[in-house]
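What Swiss-Prot records for 1-65, 119-247, 301-647, 698-713, 781-792, 844-956 is topological domain 'Cytoplasmic', and it gives sequence analysis as the kind of evidence. According to Swiss-Prot, the transmembrane segment annotation covers 66-85, 98-118, 248-268, 279-300, 648-669, 675-697, 714-734, 760-780, 793-813, 823-843, on the basis of sequence analysis. Annotated topological domain 'Extracellular' per Swiss-Prot: 86-97, 269-278, 670-674, 735-759, 814-822, in sequence order, evidence recorded as sequence analysis. Annotation source Swiss-Prot lists active site, 4-aspartylphosphate intermediate at Asp333, citing similarity to another entry. The Mg(2+) binding site annotation in Swiss-Prot covers Asp592, Asp596 and is backed by similarity to another entry.
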Amino acid sequence: MGEKPEVLDAVLKETVDLENIPIEEVFENLRCTKEGLTATAAQERLSIFGYNKLEEKKESKFSKFLGFMWNPLSWVMEAAAIMAIALANGGGKPPDWQDFVGIITLLIINSTISFIEENNAGNAAAALMARLAPKAKVLRDGKWKEEDAAVLVPGDIISIKLGDIIPADARLLEGDPLKIDQSALTGESLPVTKGPGDGVYSGSTCKQGEIEAVVIATGVHTFFGKAAHLVDSTNQVGHFQKVLTAIGNFCICSIAVGMIIEIIVMYPIQHRKYRPGIDNLLVLLIGGIPIAMPTVLSVTMAIGSHRLAQQGAITKRMTAIEEMAGMDVLCSDKTGTLTLNKLTVDKYLIEVFARGVDADTVVLMAARASRTENQDAIDAAIVGMLADPKEARAGIREIHFLPFNPTDKRTALTYLDGEGKMHRVSKGAPEQILHLAHNKSDIERRVHAVIDKFAERGLRSLAVAYQEVPEGRKESAGGPWQFIALLPLFDPPRHDSAETIRRALNLGVNVKMITGDQLAIGKETGRRLGMGTNMYPSSALLGQTKDESISALPVDELIEKADGFAGVFPEHKYEIVKRLQARKHICGMTGDGVNDAPALKKADIGIAVDDATDAARSASDIVLTEPGLSVIISAVLTSRAIFQRMKNYTIYAVSITIRIVLGFMLLALIWQFDFPPFMVLIIAILNDGTIMTISKDRVKPSPLPDSWKLAEIFTTGVVLGGYLAMMTVIFFWAAYKTNFFPRVFGVSTLEKTATDDFRKLASAIYLQVSTISQALIFVTRSRSWSFMERPGLLLVVAFFIAQLVATLIAVYANWSFAAIEGIGWGWAGVIWLYNIVFYIPLDLXXFLIRYALSGKAWDLVIEQRIAFTRKKDFGKEQRELQWAHAQRTLHGLQVPDPKIFSETTNFNELNQLAEEAKRRAEIARLRELHTLKGHVESVVKLKGLDIETIQQAYTV
């Protein structure tokens, strides 16, 4: 039976509070039963409520295509096309249709390529995102089915079990209580218990239990969707668009200046005819505008986007690639990104209190007091320490298991051994277990001392106790409890995190840890990862009451130099990004929950990590499909390679604009040489076709964050373009005003004659301009000698094919409509030789420009000692000092000053040198943990043992 929209109107308009009314009224309002919906009813409700996902604005393909033809560069070309046919030719000649058709063809080709590449990249990203779409187990037509979570509707009955991400807002039905992790929504770090009748939110995670639920809200109507809706999808203009506009404006202004000079000289001074003057202006317009620039850059980014997707980073916003190349600060979540998000026990640090018990026995006892199925994180960590999880119940018979509850804060197992004797083991919060112990007063001080030592290292403590139950009944209180041991729990770093952070530092990316955990845990993770321990509680920096010890220093400076932040709330993430951006850093931010969305949106590069919620993915620029930090660093390298290609092209484009404008302007003004506009179109078409291949060029990624340096681009473009223009002017003078080439090479003369029509000279100038202009790309793509850096094969092949075509046109073409005449192979050879000879100084000019722009940069690099140093071997000297210090400390050659480790440093008196010394001493502990001897000494120091006595008895 079909649903009438008005029946569910109250639900759609949210005038009924489905979250708080009795569960029977929920079913009544939703017009559903515990047997679920039929497929037909679900489909009808889907048309009423919409899909269970966040809305995304989609642009029509046609308007997107037109967008590529609607920008300042295209406007200039469109104006040139109109000039070609609208302005009179004079003498009864028809309009220049060939120029008009050529310009329009060039525009359409560029727009089509841009559209196809960007559309393909978008489709690829959409397909990958679709693969990440969550699934849900739903009751339809009386059968349980696995469906995409997007098709859920209010009234559906769903099944929720351990590990599931709740697909929609729902009310729980009959069953055991669930443990729900709502941290992605509310920031609560601990799971909350939800029982029958309680509401659960879309985006939260089930950590324990299994139950059925009725869906009460989907899509934008969920708590999740409303929170995400608050994050404005602002279409702010990115760095890339600003740079593109700046380069385009520079080229347009250069052309405008050239045209104004031509108009002033040609008409009032030279008294040139109307139409030849217009043709000269068209040459500057057509040849000077880098019409292919948006296309080349779009194609380069689209191909780069495919490459990033293969590496596990889906690019939602293309221009994020350019911003990632310049990223110099990455704020990374600790849990799940830097660490495994999986608790483990360090067996070698277990502190045993009972006689005759070793660490393996302690682990076995703790495992017996753990669930073997439907485990929480601590149970999984303990049982995971066993060689085989079955050992937890091997040789015993379980009588009763006491699950964890907030009151007792412990678990316990009552069991019978092989001889039929009853025993009980318990694990839990140390205070609760200590309270059970019969000898509490004797061991209390030692227990607290060990807990404090663990806490200093950022380790959580778990206590284990044991008792015999002589009565043999599970209800019996049993004999005296014996306090067995304290186990240290820690979320270990990923195996590749330390190496990845080292690579990031070498690449000039400063990784800052963001964690909701306490400061000690953050510092211990920092030590193990080698990323520094200069960390602060975020509330001390950004809260209402600032820590007195750091109140004298600017918060922005502390945030900039910090290695991480502990106790972070979602609003702190946003503030951290905002302050880093205020200090001119390009900032990346990782996140996974709805509460991270504002910070992800604010960051220059928002990165949604693996398993992030839809809201985080929606707010982000890049979505990761693999866990860990290494995929981000790989994406940084790939982005820098992509950026290098784009930067190489923009320098080339500016150079060509200057060479065309200056070169042809001088020829027109000095010798009244009218170059055919159609031949400039041919140069543009061949050059643009070749230059497309730069998107797959072989490049070396920059070793440091790379950004658009407009001064460098414009200066290089003006110098190289000016040099090429003078090459053309000198060639024209030698060919037109002297007999140098006929005398030396025996070619026919192109000197001025009484009946000069410039046709052969136009062919010669065409070939000279075409070959050397396109060869310039090999100079702009190189950081050293261009012939020493091997370009991509595709670029080389495209260059030779294009220039073979250009040479054949110059040699054989007799095109009256284009006013050119073939010059033969002799002149073609002379022009190629001329260009090769004058090509070599281009590299020298590029070196001189870099040197001139560098100023005293190297002196600054050597003296700079902050975390954002531009040194290639970032931190090498500091790492060597850390290692030397660690070795001296390890072998007793030097006793470190305990003040170095003081947490209450007076920052007013702290100078830079002392701060560095403090950091070196703290990080040195990491080195101890990475050697066998160092690890032993670490344990010895932690436990306060006598190392000399041990060394006398054992060889370490």
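Each residue, glycine too, has its Cβ placed from N, Cα and C.
Positions of the features from Swiss-Prot, shown on the structure.
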| residue | record | Cβ neighbours (10 Å) |
| --- | --- | --- |
| Asp333 | active site, 4-aspartylphosphate intermediate | 24 |
| Asp592 | Mg(2+) binding site | 26 |
| Asp596 | Mg(2+) binding site | 30 |
Secondary-structure category, per DSSP, in which Asp596 (Mg(2+) binding site) falls: helix
Cα-Cα distance linking the residue listed as 'active site, 4-aspartylphosphate intermediate' and Asp592 (Mg(2+) binding site), given in Å to the nearest integer: 9
Mapped DSSP class for Asp333 (active site, 4-aspartylphosphate intermediate), helix or strand or coil: strand
Stretch of maximal Cβ-Cβ contact with the transmembrane segment (714-734) [cut-off: under 8 Å; candidates 66-85, 98-118, 648-669, 675-697, 760-780]: 648-669
Interface check, the transmembrane segment (98-118) with the transmembrane segment (760-780), three or more C-beta pairs under 8 A: no
Asp596 (Mg(2+) binding site) and the residue listed as 'active site, 4-aspartylphosphate intermediate', distance between Cα atoms, whole Å: 10
Highest-contact recorded stretch vs the transmembrane segment (648-669), from 279-300, 675-697, 760-780, 793-813, 823-843, CB pairs under 8 Å: 279-300
Interface-richest range of 66-85, 675-697, 760-780, 793-813 toward the transmembrane segment (823-843), CB pairs under 8 Å: 760-780
Whole-number mean of pLDDT values that fall within the topological domain 'Cytoplasmic' (698-713): 83
Distant-in-sequence neighbours of the transmembrane segment (66-85), which means Cβ under 8 A and at least six residues beyond its ends: 95-97, 99-100, 103-104, 106-108, 110-111, 114-115, 245, 248-249, 251-252, 255, 278, 281-282, 285-286, 289-291, 293-295, 298, 677
Intrachain residues whose Cβ lies under 8 Å of the topological domain 'Extracellular' (670-674), provided they are six or more past its termini: 270, 272, 276, 279-280, 729, 732, 736, 758, 761, 765
Counts by DSSP class (helix H/G/I, strand E/B, coil) across the topological domain 'Cytoplasmic' (698-713): 4 helix, 0 strand, 12 coil
Helix-strand-coil residue split for the topological domain 'Extracellular' (670-674), DSSP-based: 2 helix, 0 strand, 3 coil
